[in-house]
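Enquirer: Dumping the structure here so I can ask a few things about it.
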Amino acid sequence: MTWRPQYRSSKYRHVFGKPATKENCYDGVPITRSVHDNHLCAVNPRFIAVITECAGGGAFLVLSINHTGKVDPHHPKVSGHRSNVLDIKWNPFNDFCIASCSEDSTVKIWDIPEHGVLKNITVPWKELQGHSRRVGLIEWHPTANNIIFSTGYDYQVMVWKLDVPEQVIKNPVRSISVHSDVVLSMSFNTDGSRLATSCKDKKIRVIDPRTGTLLQETNCKSHKASKVLFLGNLKMLLSTGNSRWNHRQIALWDQEDLTKPSYSEDLDGSSGVLFPFYDPDTHMLYIAGKGDGNIRYYEISPEKPYVHYLTEYRSLLPQKGMGPVMMSLRPGSKLDSYVELGSGKDPTDSMETQISRSRPGLSQLIQERQDAKEVNTRRETPSTLLLPSTDERSSSTTYVSNGQLDSTHCSPPKTENELRQMFYKQQDEIRRLREQLNQKDVRIKQLELEIKNVRNSHATL
């Protein structure tokens with residue numbers, strides 16, 4: 001009997017990280033020198049926010065993800081706190097709303113203009129006053145709009161409701177008092193029915209956020225938790241921390257039974273805090289350490305041994321803050337992933353859609369291919385290119401929108417801000433058109449593979 005090596009099949013075995021080029025990076029950002037163990041930045045599909053060093057108060061920058069390069073030292077900031085900002089989080093229901101908490105014991109909610117911060121913002125949309133000491137963490141509820149949780153050095157977790165007429169809110173909806181020390185991290189499960197926390201007392205707790213009831217609590221001596229994270233719909237928790245020998249460690253827990261970890265692994269002997277990030281669409285886990293130069297990738301499965309190491313990204317520069325942006329895949333959206341191109345299936349499709357596509361007609365495939373190529377051969381046309389009017393006596397301007405003339409008459413920009421906003425609109429539209437062309441390229445490759453498969457199947461009949 002011949003011996004065969006045991007390899008586990010994985011679609012993401014060869015995933016790798018690629019750093020952005022210099023022109024696609026931000027340069028000159030005055031990142032805060034705070035030693036607080038938080039991400040220090042937050043990202044959504046439109047903006048990146050970075051906590052900055054600021055004298056005489058707390059502030060953070062909000063930059064468009066489409067406009068990279070050197071940042072103006074005098075770039076406008078969001079600067080309404082009286083002391084250092086410790087955490088920032090984007091509202092998952094509104095890309096133009098961000099929350100911040102500070103050493104001044106307040107939480108503030110900010111409205112960000114559609115085209116970015118063009119002047120200093122000092123007045124928040126809402127101010128939450130309830131903590132007696134500095135506030136270190138905030139977390140938006142994942143399924144209920146206008147609900148945010150905050151926790152501070154008063155050991156309290158407070159629940160706030162924002163859809164009230166008052167601009168200053170002094171009384172939280174609920175105050176959860178189940179911790180004996182400072183809360184280090186908070187994480188919701190997918191539907192928001194459970195809240196997991198890690199505490200400075202090295203314990204993990206699972207709480208019902210609606211009632212504030214403590215449901216589960218760890219009492220494990222072999223793992224001292226620092227950060228905790230719900231793993232999507234797997235009904236499992238992942239924590240990072242230290243072993244009893246002070247090695248950095250990751251541990252996996254059953255959310256219904258926290259008596260002992262289902263899996264644990266020692267990583268190294270470094271001292272930086274490990275931050276876990278999980279992508280529920282691919283079941284991939286990313287572990288990044290503060291001060292480290294590498295990011296580890298794992299794949300999570302519901303059966304033993306649960307955690308499967310893939311690879312890691314290495315850099316010569318230490319990382320200070322991390323801000324992942326998880327693009328939610330909605331029905332009809334496309335995932336440009338090479339691992340799915342061979343099957344000709346869209347990984348975001350439902351099971352019924354994939355079954356209906358398994359035997360498409362050849363004429364339909366050819367027609368889709370021709371339509372896709374026709375769109376792909378069009379030249380990239382910015383959506384708001386200014387063209388001179390044919391009527392010399394008119395001072396109006398004619399616009400081109402998506403390749404068609406727009407008869408709307410608009411006056412030319414009169415101020416520098418209006419000109420900058422128009423430029424940003426053009427840049428966003430150019431980027432959108434380029435993304436559409438890339439999606440069409442991927443679709444063309446898929447159609448070509450499907451046509452080849454159908455022809456081969458007809459040839460074998």
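A Cβ is built for glycine as well, from the same backbone N, Cα and C atoms used for every other residue.
Pulled from TrEMBL, these are the listed features:
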DOMAIN    5-69  domain 'DUF1899'
REPEAT    78-120  repeat 'WD'
REPEAT    128-170  repeat 'WD'
REPEAT    176-217  repeat 'WD'
COMPBIAS  368-381  compositional bias 'Basic and acidic residues'
COMPBIAS  395-410  compositional bias 'Polar residues'
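So where do these features actually land, and what's packed around them?
Expert: Looking only at the domain 'DUF1899' (5-69), the predicted model's pLDDT averages out at 87.
Long-range contacts of the repeat 'WD' (78-120) within the same chain, counting only residues at least 6 positions beyond its ends with a Cβ under 8 Å from a Cβ of the stretch, are 32, 34, 36, 38-39, 41-47, 49, 51, 54, 57-64, 67, 126-129, 131-140, 142, 145-146, 148, 150, 152, 160, 162, 417, 420-421, 424-425.
Same-chain neighbours of the repeat 'WD' (128-170): 36, 38, 83, 86-93, 99-109, 176-188, 190-192, 195, 197, 207, 209, counting only residues six or more beyond its ends whose CB sits under 8 Å from a CB of the stretch.
Residue counts of the repeat 'WD' (176-217) by helix, strand and coil are 0 helix, 22 strand, 20 coil (DSSP-based).
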Enquirer: At a C-beta cut-off of under 8 Å, are there same-chain residues at least 6 beyond the repeat 'WD' (176-217) that contact it? List them, or none.
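Expert: Counting only partners 6 or more residues beyond its ends, the repeat 'WD' (176-217) has Cβ contacts under 8 Å with 37, 136-137, 139, 141-144, 149, 151, 153, 155-159, 224-230, 232-233, 237, 239, 241, 253, 255-258, 280.
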Enquirer: What are the DSSP helix/strand/coil residue counts across the domain 'DUF1899' (5-69)?
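Expert: Counts, helix then strand then coil: 3 helix, 20 strand, 42 coil.
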